[in-house]
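Peer 1: This is the structure, below, for whatever I ask next.
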Amino acid sequence: MRALIFVEHSNGVVSENAFEMLLLAKSIGAECHGLICTGDAGAAQALGTQLTGFDAVSAVADPTVGHYNPEAVLIALKAAVETQAPDVVMTSYSTAGVDLAAGLAVRSERPMLGYVTDLELNSGGLSATSQVYGGKLTAKTDLPLPAVTTVMPGARKAGSLSGAAPAVTMLKPDLSGARTRVREIITPDNSSGVNLGNADMIFCVGRALGGTEKLPLAEALAAALKAELAGSRPVIDAGWLPKIRQVGKSGTKVKPKLYLMAGVSGAPEHLEGMESSELIIAINSDEQAPIFRKAHYGTACDMFQLIPALTERLNSGNS
Ligand SMILES: Cc1cc2nc3c(=O)[nH]c(=O)nc-3n(C[C@H](O)[C@H](O)[C@H](O)COP(=O)(O)OP(=O)(O)OC[C@H]3O[C@@H](n4cnc5c(N)ncnc54)[C@H](O)[C@@H]3O)c2cc1C
(Lines of atoms letter the chains of each structure in order from A; the text may use other names.)
(Lines give C-alpha, C1' and ligand atoms only; values in the text may rest on other atoms or scores of the structure.)
Protein backbone atom coordinates (compact mmCIF):
# COMPACT_ATOMS: atom_id res chain seq x y z
CA MET A 1 0.00 0.00 0.00
CA ARG A 2 1.44 3.35 -1.02
CA ALA A 3 0.02 6.78 -0.16
CA LEU A 4 0.93 10.04 -1.89
CA ILE A 5 0.30 13.03 0.37
CA PHE A 6 0.05 16.51 -1.12
CA VAL A 7 2.02 18.69 1.30
CA GLU A 8 0.64 22.21 1.80
CA HIS A 9 2.83 24.92 3.26
CA SER A 10 2.75 28.59 4.02
CA ASN A 11 5.58 31.06 4.70
CA GLY A 12 8.14 28.25 4.62
CA VAL A 13 6.32 26.07 7.16
CA VAL A 14 4.69 22.73 6.33
CA SER A 15 1.02 22.62 7.29
CA GLU A 16 0.03 20.46 10.26
CA ASN A 17 -2.44 18.70 7.96
CA ALA A 18 0.45 16.98 6.18
CA PHE A 19 1.41 15.22 9.41
CA GLU A 20 -2.19 14.38 10.24
CA MET A 21 -2.52 12.69 6.84
CA LEU A 22 0.82 10.97 7.40
CA LEU A 23 -0.40 9.43 10.66
CA LEU A 24 -3.64 8.37 9.02
CA ALA A 25 -1.76 6.74 6.13
CA LYS A 26 0.65 5.04 8.56
CA SER A 27 -2.33 3.64 10.49
CA ILE A 28 -3.19 1.52 7.41
CA GLY A 29 0.44 0.50 6.99
CA ALA A 30 1.06 2.66 3.92
CA GLU A 31 4.47 3.66 2.60
CA CYS A 32 4.11 7.45 2.66
CA HIS A 33 5.35 9.71 -0.13
CA GLY A 34 5.05 13.48 0.16
CA LEU A 35 4.79 15.92 -2.74
CA ILE A 36 5.88 19.55 -2.35
CA CYS A 37 5.16 22.22 -4.97
CA THR A 38 7.07 25.44 -4.55
CA GLY A 39 8.79 28.23 -6.48
CA ASP A 40 12.46 27.20 -6.24
CA ALA A 41 14.72 24.31 -5.35
CA GLY A 42 16.05 25.96 -2.16
CA ALA A 43 12.54 26.34 -0.75
CA ALA A 44 11.77 22.72 -1.70
CA GLN A 45 14.85 21.46 0.19
CA ALA A 46 14.01 23.59 3.24
CA LEU A 47 10.44 22.26 3.31
CA GLY A 48 11.71 18.71 2.76
CA THR A 49 13.79 18.86 5.95
CA GLN A 50 10.54 19.31 7.92
CA LEU A 51 9.03 16.09 6.57
CA THR A 52 10.18 13.78 9.35
CA GLY A 53 8.35 10.46 9.23
CA PHE A 54 7.75 10.41 5.48
CA ASP A 55 9.29 7.49 3.57
CA ALA A 56 10.00 9.53 0.43
CA VAL A 57 9.59 13.13 -0.65
CA SER A 58 9.49 14.59 -4.13
CA ALA A 59 9.19 18.21 -5.16
CA VAL A 60 8.25 20.30 -8.15
CA ALA A 61 10.21 23.55 -7.89
CA ASP A 62 9.12 26.02 -10.54
CA PRO A 63 7.98 29.68 -10.47
CA THR A 64 4.68 28.58 -12.07
CA VAL A 65 3.75 26.79 -8.83
CA GLY A 66 5.47 29.34 -6.55
CA HIS A 67 2.05 30.67 -5.58
CA TYR A 68 -0.85 28.24 -5.53
CA ASN A 69 -2.05 27.89 -9.12
CA PRO A 70 -4.61 25.07 -9.34
CA GLU A 71 -4.05 24.33 -13.02
CA ALA A 72 -0.26 24.05 -12.75
CA VAL A 73 -0.24 22.23 -9.41
CA LEU A 74 -2.72 19.70 -10.78
CA ILE A 75 -0.33 18.96 -13.66
CA ALA A 76 2.46 18.47 -11.10
CA LEU A 77 0.34 16.22 -8.89
CA LYS A 78 -0.80 14.11 -11.85
CA ALA A 79 2.83 13.71 -12.93
CA ALA A 80 3.76 12.51 -9.43
CA VAL A 81 0.86 10.04 -9.49
CA GLU A 82 2.01 8.69 -12.84
CA THR A 83 5.58 8.18 -11.60
CA GLN A 84 4.80 6.83 -8.15
CA ALA A 85 1.55 4.91 -8.81
CA PRO A 86 0.15 5.40 -5.29
CA ASP A 87 -2.83 3.34 -4.16
CA VAL A 88 -4.28 6.33 -2.41
CA VAL A 89 -3.69 10.05 -2.97
CA MET A 90 -4.42 12.23 0.06
CA THR A 91 -5.02 15.96 0.01
CA SER A 92 -6.22 18.01 2.92
CA TYR A 93 -9.84 19.17 2.98
CA SER A 94 -8.71 22.70 2.27
CA THR A 95 -9.38 25.14 -0.56
CA ALA A 96 -6.40 23.80 -2.51
CA GLY A 97 -6.90 20.18 -1.48
CA VAL A 98 -10.50 20.04 -2.64
CA ASP A 99 -9.60 21.64 -5.99
CA LEU A 100 -6.77 19.23 -6.59
CA ALA A 101 -8.48 16.04 -5.46
CA ALA A 102 -11.49 16.63 -7.70
CA GLY A 103 -9.32 17.53 -10.70
CA LEU A 104 -7.02 14.58 -10.16
CA ALA A 105 -9.91 12.14 -9.74
CA VAL A 106 -11.32 13.18 -13.12
CA ARG A 107 -7.99 13.17 -14.93
CA SER A 108 -6.78 9.89 -13.48
CA GLU A 109 -10.21 8.18 -13.51
CA ARG A 110 -10.00 7.33 -9.84
CA PRO A 111 -12.91 7.47 -7.39
CA MET A 112 -12.71 10.34 -4.92
CA LEU A 113 -14.05 10.57 -1.39
CA GLY A 114 -14.16 13.86 0.53
CA TYR A 115 -14.44 14.79 4.24
CA VAL A 116 -12.51 11.63 5.27
CA THR A 117 -11.86 11.23 8.99
CA ASP A 118 -10.63 7.63 9.13
CA LEU A 119 -9.38 4.81 6.92
CA GLU A 120 -9.18 1.06 7.44
CA LEU A 121 -8.03 -1.74 5.18
CA ASN A 122 -10.63 -4.18 3.90
CA SER A 123 -10.48 -7.06 1.45
CA GLY A 124 -11.31 -4.97 -1.65
CA GLY A 125 -9.37 -1.82 -0.77
CA LEU A 126 -10.20 0.72 1.91
CA SER A 127 -13.11 1.31 4.19
CA ALA A 128 -13.37 5.07 4.74
CA THR A 129 -15.24 7.04 7.37
CA SER A 130 -16.33 10.48 6.23
CA GLN A 131 -18.53 13.35 7.32
CA VAL A 132 -21.86 14.09 5.67
CA TYR A 133 -24.03 17.21 6.00
CA GLY A 134 -21.43 19.33 7.71
CA GLY A 135 -20.60 16.64 10.26
CA LYS A 136 -24.18 15.92 11.35
CA LEU A 137 -23.91 12.36 9.93
CA THR A 138 -21.04 9.95 9.44
CA ALA A 139 -20.76 7.59 6.45
CA LYS A 140 -18.76 4.37 5.98
CA THR A 141 -17.80 3.84 2.36
CA ASP A 142 -16.00 0.99 0.60
CA LEU A 143 -13.39 2.68 -1.51
CA PRO A 144 -11.86 0.61 -4.32
CA LEU A 145 -8.21 1.37 -5.02
CA PRO A 146 -6.55 3.29 -6.51
CA ALA A 147 -8.44 6.28 -5.12
CA VAL A 148 -8.24 9.94 -4.15
CA THR A 149 -9.31 11.29 -0.74
CA THR A 150 -9.56 14.67 0.93
CA VAL A 151 -8.88 14.34 4.63
CA MET A 152 -10.53 16.50 7.29
CA PRO A 153 -8.10 18.60 9.31
CA GLY A 154 -7.85 17.09 12.78
CA ALA A 155 -8.57 13.52 11.54
CA ARG A 156 -5.47 12.48 13.50
CA LYS A 157 -3.57 14.54 16.03
CA ALA A 158 -0.32 15.53 14.36
CA GLY A 159 2.25 14.05 16.72
CA SER A 160 6.00 14.32 16.42
CA LEU A 161 7.58 11.56 14.37
CA SER A 162 11.16 10.61 14.93
CA GLY A 163 13.88 9.92 12.38
CA ALA A 164 15.48 11.93 9.64
CA ALA A 165 13.48 13.50 6.86
CA PRO A 166 14.11 11.71 3.53
CA ALA A 167 16.10 13.39 0.78
CA VAL A 168 14.02 15.40 -1.69
CA THR A 169 13.80 14.05 -5.26
CA MET A 170 13.12 16.75 -7.82
CA LEU A 171 10.44 16.15 -10.46
CA LYS A 172 10.35 18.23 -13.62
CA PRO A 173 6.92 17.83 -15.20
CA ASP A 174 6.08 19.92 -18.26
CA LEU A 175 4.00 22.74 -16.80
CA SER A 176 3.64 24.60 -20.08
CA GLY A 177 0.05 23.35 -20.40
CA ALA A 178 -1.02 25.58 -17.50
CA ARG A 179 -2.77 28.57 -19.04
CA THR A 180 -3.27 30.57 -15.86
CA ARG A 181 -0.56 32.59 -14.09
CA VAL A 182 -0.65 34.20 -10.65
CA ARG A 183 0.32 37.84 -11.23
CA GLU A 184 0.02 39.28 -7.75
CA ILE A 185 -0.98 38.19 -4.26
CA ILE A 186 -3.04 40.86 -2.55
CA THR A 187 -2.90 40.63 1.23
CA PRO A 188 -5.91 41.99 3.12
CA ASP A 189 -5.68 45.48 4.58
CA ASN A 190 -4.94 45.23 8.31
CA SER A 191 -4.71 48.87 9.30
CA SER A 192 -7.08 48.04 12.20
CA GLY A 193 -4.25 46.08 13.87
CA VAL A 194 -6.53 43.06 14.47
CA ASN A 195 -4.49 39.87 14.58
CA LEU A 196 -6.69 36.90 15.43
CA GLY A 197 -3.81 34.53 14.71
CA ASN A 198 -1.90 35.84 17.76
CA ALA A 199 -4.84 36.37 20.12
CA ASP A 200 -4.88 34.54 23.47
CA MET A 201 -8.63 34.87 23.86
CA ILE A 202 -11.28 35.02 21.17
CA PHE A 203 -15.03 35.43 21.43
CA CYS A 204 -16.66 34.30 18.19
CA VAL A 205 -20.26 34.95 17.21
CA GLY A 206 -22.22 33.07 14.57
CA ARG A 207 -25.19 33.64 12.31
CA ALA A 208 -27.52 33.50 15.32
CA LEU A 209 -26.33 37.04 16.16
CA GLY A 210 -28.98 38.06 13.63
CA GLY A 211 -27.65 41.50 12.71
CA THR A 212 -25.67 44.49 13.87
CA GLU A 213 -28.33 45.54 16.41
CA LYS A 214 -27.06 42.83 18.78
CA LEU A 215 -23.37 43.49 18.05
CA PRO A 216 -22.91 45.78 21.11
CA LEU A 217 -23.79 42.79 23.35
CA ALA A 218 -21.02 40.74 21.75
CA GLU A 219 -18.55 43.66 21.85
CA ALA A 220 -19.26 44.21 25.54
CA LEU A 221 -18.52 40.57 26.39
CA ALA A 222 -15.35 40.59 24.28
CA ALA A 223 -14.20 43.77 26.09
CA ALA A 224 -15.00 42.31 29.51
CA LEU A 225 -12.96 39.19 28.64
CA LYS A 226 -10.19 41.26 26.99
CA ALA A 227 -10.76 38.97 24.01
CA GLU A 228 -10.72 39.67 20.29
CA LEU A 229 -14.18 39.56 18.72
CA ALA A 230 -14.48 37.21 15.74
CA GLY A 231 -17.24 35.89 13.51
CA SER A 232 -18.18 32.84 11.48
CA ARG A 233 -18.43 33.32 7.73
CA PRO A 234 -22.15 34.26 7.57
CA VAL A 235 -21.41 37.09 10.04
CA ILE A 236 -18.69 38.39 7.74
CA ASP A 237 -20.64 37.79 4.51
CA ALA A 238 -23.53 39.80 5.95
CA GLY A 239 -21.13 42.65 6.74
CA TRP A 240 -21.77 42.57 10.51
CA LEU A 241 -18.00 42.27 11.14
CA PRO A 242 -15.05 42.93 8.78
CA LYS A 243 -13.34 40.09 6.91
CA ILE A 244 -10.21 40.40 9.06
CA ARG A 245 -12.31 38.97 11.93
CA GLN A 246 -13.40 35.78 10.12
CA VAL A 247 -12.29 32.46 11.57
CA GLY A 248 -12.24 29.32 9.46
CA LYS A 249 -11.24 27.73 6.24
CA SER A 250 -11.55 30.92 4.23
CA GLY A 251 -10.68 33.16 7.19
CA THR A 252 -7.93 33.12 9.80
CA LYS A 253 -6.67 29.96 11.51
CA VAL A 254 -6.46 30.60 15.24
CA LYS A 255 -5.03 28.82 18.27
CA PRO A 256 -5.97 30.87 21.34
CA LYS A 257 -5.91 29.71 24.95
CA LEU A 258 -9.68 30.35 25.09
CA TYR A 259 -12.12 30.18 22.18
CA LEU A 260 -15.59 31.12 23.40
CA MET A 261 -18.27 30.83 20.73
CA ALA A 262 -21.94 31.69 20.64
CA GLY A 263 -24.51 30.83 17.97
CA VAL A 264 -21.99 28.96 15.79
CA SER A 265 -23.09 25.48 14.62
CA GLY A 266 -19.62 23.94 14.19
CA ALA A 267 -19.48 23.37 10.43
CA PRO A 268 -16.24 21.67 9.23
CA GLU A 269 -15.14 24.88 7.51
CA HIS A 270 -15.37 26.75 10.81
CA LEU A 271 -13.72 23.98 12.83
CA GLU A 272 -10.79 23.98 10.42
CA GLY A 273 -9.88 27.44 11.65
CA MET A 274 -10.20 26.98 15.41
CA GLU A 275 -10.08 23.35 16.49
CA SER A 276 -6.50 23.63 17.74
CA SER A 277 -7.62 26.13 20.41
CA GLU A 278 -6.56 25.08 23.91
CA LEU A 279 -9.99 25.51 25.47
CA ILE A 280 -13.21 25.65 23.45
CA ILE A 281 -16.46 26.70 25.12
CA ALA A 282 -19.65 26.72 23.07
CA ILE A 283 -23.00 28.41 23.65
CA ASN A 284 -25.71 27.08 21.34
CA SER A 285 -29.46 26.76 21.86
CA ASP A 286 -29.54 23.42 19.97
CA GLU A 287 -28.12 20.68 22.15
CA GLN A 288 -27.62 18.52 19.01
CA ALA A 289 -25.41 21.16 17.34
CA PRO A 290 -22.18 19.55 15.96
CA ILE A 291 -20.03 22.02 17.90
CA PHE A 292 -20.79 20.15 21.12
CA ARG A 293 -18.79 17.20 19.77
CA LYS A 294 -15.71 19.43 19.50
CA ALA A 295 -16.10 21.84 22.46
CA HIS A 296 -14.44 21.03 25.78
CA TYR A 297 -17.35 22.70 27.60
CA GLY A 298 -20.70 23.81 26.33
CA THR A 299 -24.09 25.05 27.33
CA ALA A 300 -27.34 24.61 25.42
CA CYS A 301 -29.04 27.92 26.07
CA ASP A 302 -30.05 31.21 24.47
CA MET A 303 -26.92 33.28 23.85
CA PHE A 304 -28.91 36.50 24.26
CA GLN A 305 -29.63 35.60 27.85
CA LEU A 306 -26.18 34.30 28.71
CA ILE A 307 -24.01 36.95 27.02
CA PRO A 308 -25.28 39.96 29.06
CA ALA A 309 -25.23 37.90 32.27
CA LEU A 310 -21.61 36.84 31.65
CA THR A 311 -20.59 40.41 30.80
CA GLU A 312 -22.17 41.72 33.98
CA ARG A 313 -20.46 39.06 36.08
CA LEU A 314 -17.06 39.75 34.52
CA ASN A 315 -17.45 43.52 34.90
CA SER A 316 -18.47 43.17 38.53
CA GLY A 317 -15.04 41.70 39.21
CA ASN A 318 -16.75 38.62 40.59
CA SER A 319 -15.73 36.29 37.75
C1 LIG B 1 -15.40 26.69 0.69
C2 LIG B 1 -16.07 27.11 1.97
C3 LIG B 1 -15.36 27.88 2.86
C4 LIG B 1 -15.95 28.27 4.06
N5 LIG B 1 -15.22 28.99 4.94
C6 LIG B 1 -15.75 29.27 6.15
C7 LIG B 1 -14.99 29.98 7.14
O8 LIG B 1 -13.85 30.39 6.92
N9 LIG B 1 -15.57 30.21 8.34
C10 LIG B 1 -16.85 29.81 8.65
O11 LIG B 1 -17.31 30.06 9.77
N12 LIG B 1 -17.59 29.17 7.72
C13 LIG B 1 -17.09 28.91 6.49
N14 LIG B 1 -17.87 28.30 5.56
C15 LIG B 1 -19.30 28.16 5.83
C16 LIG B 1 -19.66 26.97 6.69
O17 LIG B 1 -19.91 25.84 5.87
C18 LIG B 1 -20.96 27.25 7.50
O19 LIG B 1 -21.99 27.59 6.60
C20 LIG B 1 -20.79 28.35 8.53
O21 LIG B 1 -19.65 28.12 9.34
C22 LIG B 1 -22.03 28.41 9.41
O23 LIG B 1 -21.92 29.53 10.24
P24 LIG B 1 -22.70 29.57 11.62
O25 LIG B 1 -22.31 28.40 12.46
O26 LIG B 1 -22.51 30.93 12.17
O27 LIG B 1 -24.23 29.48 11.16
P28 LIG B 1 -25.25 28.27 11.28
O29 LIG B 1 -24.69 27.02 10.74
O30 LIG B 1 -26.52 28.78 10.70
O31 LIG B 1 -25.43 28.06 12.86
C32 LIG B 1 -26.09 28.93 13.69
C33 LIG B 1 -26.16 28.24 15.03
O34 LIG B 1 -26.73 29.14 15.99
C35 LIG B 1 -27.54 28.40 16.87
N36 LIG B 1 -28.50 29.35 17.48
C37 LIG B 1 -29.59 29.90 16.92
N38 LIG B 1 -30.17 30.76 17.77
C39 LIG B 1 -29.43 30.74 18.91
C40 LIG B 1 -29.50 31.43 20.16
N41 LIG B 1 -30.47 32.33 20.41
N42 LIG B 1 -28.57 31.17 21.11
C43 LIG B 1 -27.57 30.27 20.87
N44 LIG B 1 -27.46 29.59 19.69
C45 LIG B 1 -28.36 29.84 18.73
C46 LIG B 1 -28.19 27.34 16.01
O47 LIG B 1 -28.59 26.24 16.79
C48 LIG B 1 -27.05 27.00 15.02
O49 LIG B 1 -26.32 25.89 15.49
C50 LIG B 1 -17.30 27.90 4.35
C51 LIG B 1 -18.01 27.13 3.43
C52 LIG B 1 -17.41 26.74 2.26
C53 LIG B 1 -18.19 25.88 1.31
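Positions of Cβ are set from backbone N, Cα and C atoms, glycine also.
Automated prediction, rather than curation, is the source of TrEMBL annotations.
So TrEMBL has the following annotated:
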- R207, 232-233, 246-250, 263-270, N284: FAD binding site (BINDING)
- 3-184: domain 'Electron transfer flavoprotein alpha/beta-subunit N-terminal' (DOMAIN)
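Can you tell me where each of these features sits in the structure?
Peer 2: Under the three-state DSSP scheme, H270 (FAD binding site) falls in the helix class.
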Peer 1: Summarise the model confidence on the domain 'Electron transfer flavoprotein alpha/beta-subunit N-terminal' (3-184) as a single mean pLDDT, whole number.
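Peer 2: For the domain 'Electron transfer flavoprotein alpha/beta-subunit N-terminal' (3-184), the model's average pLDDT rounds to 93.
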Peer 1: Count the Cβ atoms, other than its own, that fall within 10 Å of the Cβ of R207 (FAD binding site), considering every protein chain shown.
Peer 2: 16
Peer 1: Cβ distance under 8 Å to A267 (FAD binding site), same chain, sequence separation 6 or more: which residues?
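Peer 2: Spatial neighbours, sequence-distant, of A267 (FAD binding site): G134, G135, S232, P290.
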Peer 1: Here are the binding-site residues: K249, H270. Which has the lowest count of other Cβ atoms within 10 Å?
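Peer 2: With the binding-site residues K249, H270, fewest surrounding Cβ atoms within 10 Å: K249.
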